Amino acid sequence: MAEPRMPRPAISPTRDKSHSPYRESPSRRLRDVETGYNPPQNPPYPPQRNGTEPYPPSPSSRTADWEPIMSNPNPMSQSDLGRKKSLIRPERNRIDRDHPNYYYRKHAANMEVLPSTTGNDPVVEDLAEHRTVSSGSTQQDTSIEEEVVGNPQKSRMPGKLEPVGKKKAPRKLVRKDTRNLTEEEKRRQKELDKIKPPSIWNIYCAVVTFWAPDCLLQCFGMPARAQRRAWKEKVGLISIILLIAAFVGFLTFGFTQAVCAAPGLRLKINHVDRSYMIFHGGAYNLDGSMHPAARGIPLDANVLYDLPHKYGGQDGSFMFQKVNGACKGLITLAEGSDVPTNSDGDLAWYFPCTAFNQDGSSEVNLTSPYYLGYACHTTAKARNTFYSLKKAGDVYFTWDDIKNKSRNLAVYSGSVVDLDLLKWFNKSQVAWPQQFDDLRENGRVRGMDLTHVLQSATDKQVGRCLTQIAKVGSIDTESVGCIASKVVLYVSLVFILAIVAAKFFLALAFQWFLARRFAAAKTSQTSDPKKRAKQIEDWTDDIYKPAPKITDPASTVTGSDGRTSKRGSMFLPQTSRFTSPYAVDRRSSRPPPTTMTSQSSNAKLLPGGNPYKSGFNSSQNTLDLHSRMSVGASRSSLLLSGQETRYSAVMDNLDPNGPVGFIHENVVPQPPPEWQPFGYPLAHVICLVTAYSEGEDGIRTTLDSIATTDYPNSHKAILVVCDGMIKGKGEAQSTPDIVLGMMGDFVIAPEDVQAFSYVAVSSGAKRHNMAKVYAGFYDYGPKSRIDPTKQQRVPMMVVVKCGTPDEATKSKPGNRGKRDSQIILMSFLQKVMFDERMTELEYEMFNGLWKVTGMSPDFYEMVLMVDADTKVFPDSLTHMVSAMVKDPEIMGLCGETKIANKNASWVSRIQVFEYFISHHLSKSFESVFGGVTCLPGCFCMYRIKSPKGGQNYWVPILANPDIVEHYSENVVDTLHKKNLLLLGEDRYLSTLMLKTFPKRKQVFVPQAVCKTTVPDEFKVLLSQRRRWINSTVHNLMELVLVRDLCGTFCFSMQFVVFIELIGTLVLPAAISFTFYLIILSIVKKPVPVIPLVLLALILGLPAILIVLTAHRWSYILWMGIYLLSLPIWNFVLPAYAFWKFDDFSWGETRKTAGEKTKKAGLEYEGEFDSSKITMKRWGDFERGKLDQRSSVCGILVETNLCHLFRTASSGERKCLEPATSYASTERLRFYAWVRTLP
């Protein structure tokens, strides 16, 4: 239970980093990234020691080989210890309550460490002996030891260094004294709370719901203020979802129409029919026109059909010439010209006023039929009539038309100019610049764009002039808006395809290459992956179907793994008579992974027979009679570390009922640390099962599966937390009675167990809760489905939340929710690791675990969380621990959950493929980056603490104060918090872990499998998915703000989380757009090919994933059923969940007897009275126990200690000599050993 300490920057002699078999943490550098700690460059004190006593070694070294820890094996200069070329300045970070390490720093500030000038590990100060402390031990402060043994020397020895940190009182229990607020201070605080300005979110919700005042909502059944606030926040969220959906719909369908409106009628050159006439590049429909009377034209004649010359389909631009515009000054009047002009030099026309063919085939005709200027329409009336005509459309040319060698065409600013029209100039009438002739006769200009050629001012005027007098059409181009819409379309297409393809291929790479690294080298199941997969599929057909028996001897833990054998092993000897029989895989020069047990290699085992010396015990540590007697005879801990422990001064003086003084006679002994049946060092695991209203069959199935896993029982313990005195619907017994009926060999008889107080996760008076702790062993029952030869003895502890006496008569006494059940364990682990004050309940949990396991709870490194209706495959726990041990950066993982009632109804059938794809696609993809965003609470594992830096240094993970503090939040006053903490607490824990430790990993281990029953009624599925979808949305909102996740910008987990959040919010809109697109492609032409291809890829890739990863073709059928049910998954369920944002109840999921569905999280009753809860450190509880007894086990309380001897005649123990002087640790251990003698 040692506090976590900083890692040493120098290389530890017991742990060579250069030969590590597993990936080293990138954060292993001088600065501890997770705590933000930086060693001081110039420490205020030089290192000093009292006396000449050397420093002790690490737990894995021998006593004779002790070397000073402060000695540096690799001397480094002072300059080498500083940070080099780093842009990170963690010391400049503002450490407020939002900082991920805020609470950890507060707890670490109470650590007493000495400064170091060498950069080595800080030394924990001990006033009795200068010893380092393993976090695997439980060290009690020396001041407590002095009080127990009566040592009057409590003053600090001269020359002792003051610990780094704050000035502390003489007592060792250092806490900030809580100061009672006066009435005036409370009043001021209330006033400050009242004048707190509203947030932007609250203002937005008030604006959106202005039409629904509080008085109106009260009339509609919302009397509570919390209900009205939740409803307004719900409307605010729905409005944002609608805005996002509208934006997505606009990008999908409206953006193209907005920026690229459908162009008007466009007529291709040479395809303009006889009902049109062309003027200046535009086509005019003159089919119903009537011309006034003129020479050669009768009244109301149609110029297209009624005249001798048929003008239909011809270009009449010369009849309405654009003169005196850009061409003024360029085209001038020729000498002797008959063209009318005025004083300003304006000309009446430039060309003969006649029509020509649109294909440019007309010959030049400079004559006029009646008079000069005939058909030039120079009068204002004629011009106004022409300008009033509506253009039917533009005449366009393609580039192929422009490059046609039969014509002399060029392009200027998008307009097509026919340079051959310049031949129609009459030299006798007008004069034009020579540049016109040069352009017309230059063959290199033909078919070119002259826009960038004519760049000077004069050239630009020439270009504009040509456009006015010789324009015959426009180039076939798209508008900027249309180009932009296509760019957006293709960029979106590439972007979506990249995400889908990356997700698919990375998930496939994880399944094929990366996942196998997590698995154990050998387990109790078959070593053939295909055969094992088939066994799992058969096993998941029924929830009560037992696991397959071991049929492959080569795959058992006692067999050899052929894949690990080497060809050269048959020629050269690999062992000798001096080789340890427990050593496993020592052929590699690389050190094994670090666990608490591997660091305690000098631990002393129980006296008597050791079942592990004879090889693997097929019954998984079930001892014979002789071994039981040996265990029962021992009255000390099974694992006594060679180091002095934090509790050594107290635990050696306990009474027979204390944690060390009494160990259950059926306790499972601890094997040697070298014993590695699965190819990796074993780690201790707590299997947490949270029970609420489950029935006897469900709980029995879960506990049977955990108890019969092939992981050694010496390294696992079952902890069941019953959430209140609850009776499930249709059950004859309450859940606590059902669970207690599955226990045996109680440490204390159930009727004698007392209820103890603790601080619950709730508000008001419900923060005080009481619970009972039952410790014993799992009982399979007389009608067990488990073969008696397979029944193993597993330590088990049950915590029953029974509630305070005030709520005994109320419904569901003691019920505080699943999060409170998890916090009971998490808070307990934090108190154990930091040696902090604990409640009476936590103290009893400490003693209960010690008595049924024979070891300190600080040895546990991992927590397996399983729901009480889930059944675990036998080797799943082995694979999960294997991943944790092999990669210390993994802080959480989950296995695959399979459905056991696939064919119960259509509701269960549509969920089969959804479960499959969520694991093998989503979680596999996220595991590549180590950022699985959701570890299902029904089957997951978290790391309690992780090795960090040098030997014996650990940092809290699940037991981290920041995790415990945030997860135990009891002020749940906003819609966001309620969806996080009341509906999706399991997912929020995963989110919290990623927020606090963004550089660590959460992965999916496909080898670990469990099965469960899913809802087979639609109303239950609707209620379950409402909770899941709403919690997913709010958890993704939390994660999207974490900037330290793996990757950068679009190639980061933060971006992936953002895409998932948007995708979740627009699910109803997306499925609606999909069906609209399919219908549109059927009834309208042309078919939108690109969106349909994209849709086919998104829906079809999972089928390929099934072929490549699944082991049954039946999943193709399940996929078809899932696709048919897409409207339910993507529309009905999300839309219902969004509308129920303000519903915080569990609905129809797990109802109890007589319960009515109601909204939760809205009412708080009474005030919390903290005086009802006693909190002390473990040593204070033990001293109090000693003070309550006059004489226990030969220890006199009046003298605190006495020398023990036994008489040879009667064998009874007798106190002969009180101890009045300081007793050494060895002497205390000797007395403890004497007390264990029969």
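Including glycine, each Cβ sits where the backbone N, Cα and C put it.
For 1-93 (among others), the entry in Swiss-Prot reads region 'Disordered'.
If you look up Swiss-Prot, you'll see 14-34 (among others) marked as compositional bias 'Basic and acidic residues'.
Among the features that Swiss-Prot reports, N-linked glycosylation site is placed at N50 (among others), with the record citing sequence analysis.
Residues annotated as compositional bias 'Polar residues' in Swiss-Prot: 71-80 (among others).
What Swiss-Prot records for 132-190 (among others) is region 'Disordered'.
Sequence annotations record features per position, and here Swiss-Prot assigns compositional bias 'Polar residues' to 133-142 (among others).
Residues or ranges marked as compositional bias 'Basic and acidic residues' by Swiss-Prot: 175-190 (among others).
Annotated N-linked glycosylation site per Swiss-Prot: N180 (among others), in sequence order.
Taken from Swiss-Prot, the feature transmembrane segment applies to 200-220 (among others).
If you look up Swiss-Prot, you'll see 235-255 (among others) marked as transmembrane segment, on the strength of sequence analysis.
Mapped onto three states, the DSSP output places N365 (N-linked glycosylation site) in coil. Non-local contacts of N365 (N-linked glycosylation site) by the CB criterion (under 8 A, 6+ apart in sequence, same chain) comprise P352, T354. Feature annotation from Swiss-Prot assigns N-linked glycosylation site to N365 (among others).
The feature N-linked glycosylation site is assigned by Swiss-Prot to N404 (among others). In sequence order, G447 constitute the residues six or more apart from N404 (N-linked glycosylation site) in its chain with CB-CB distances below 8 Å.
Residues annotated as N-linked glycosylation site in Swiss-Prot, with sequence analysis given as evidence: N426 (among others). Taken residue by residue with DSSP, N426 (N-linked glycosylation site) is part of neither helix nor strand, so it is coil. Its Cβ placed at the centre, N426 (N-linked glycosylation site) has 17 other Cβ atoms within 10 Å.
Feature annotation from Swiss-Prot assigns transmembrane segment to 487-507 (among others).
Annotation source Swiss-Prot lists region 'Disordered' at 548-570 (among others).
Positions annotated as compositional bias 'Polar residues' by Swiss-Prot: 553-562 (among others).
Neighbours of N903 (N-linked glycosylation site), defined as other CB atoms within 10 A of its CB across all chains, total 11. Recorded stretches compared: 200-220, 235-255, 487-507, 1115-1135; the one with the most Cβ pairs under 8 Å to the transmembrane segment (1087-1107) is 487-507. The Cβ of N1030 (N-linked glycosylation site) has 26 neighbouring Cβ atoms from other residues within 10 Å, across all protein chains displayed. A separation of roughly 28 Å, to the nearest angstrom, links the Cα atoms of N1030 (N-linked glycosylation site) and N903 (N-linked glycosylation site). In three-state terms derived from DSSP, N903 (N-linked glycosylation site) belongs to neither a helical nor a strand segment and is classed as coil. The two recorded residues N426 (N-linked glycosylation site) and N903 (N-linked glycosylation site) have their Cα atoms spaced 93 Å from each other.
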